[in-house]
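According to TrEMBL:
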- Lys39: ATP binding site (BINDING)
- 9-101: domain 'Protein kinase' (DOMAIN)
Amino acid sequence: MNIVGDYEYSSKDMLGHGAFAVVYKGRHRKEKHMPVAIKCITKKGLIKTQNLLGKEIKILKELTELHHENVVALLDCKESQDCVNLVMEQLLLPMCSQMCT
């Protein structure tokens, strides 16, 4: 298991991926019933866009403070040697499938 603050994930539980990030299904380490999505953004591709990532994280934190039902909350943000890890609420399957159709 990989640990990101109070959360954990297995690299076997990938939800999706893109050019600079992989998203994993994770959970709270103490409250195991709390599912989360952990987005691991590789620093390798961020050299030119590091400033933009900082701004994006700031915006996500501000949106989370709204506590709006249509906004996925940013629960935590941790930086490791290789990645920036964003821990977010995990969308429930019915909601996700409605958005994707």
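A Cβ is built for glycine as well, from the same backbone N, Cα and C atoms used for every other residue.
Caution: TrEMBL annotation is automatic and unverified by curators.
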Tell me which residues of the chain lie with their Cβ under 8 angstroms from that of Lys39 (ATP binding site), as long as they are six or more apart in sequence?
Ala21, Val22, Val23, Asn85, Leu86, Met88
How many helix, strand and coil residues does the domain 'Protein kinase' (9-101) contain under DSSP?
26 helix, 38 strand, 29 coil
Averaged pLDDT score, the domain 'Protein kinase' (9-101):
84
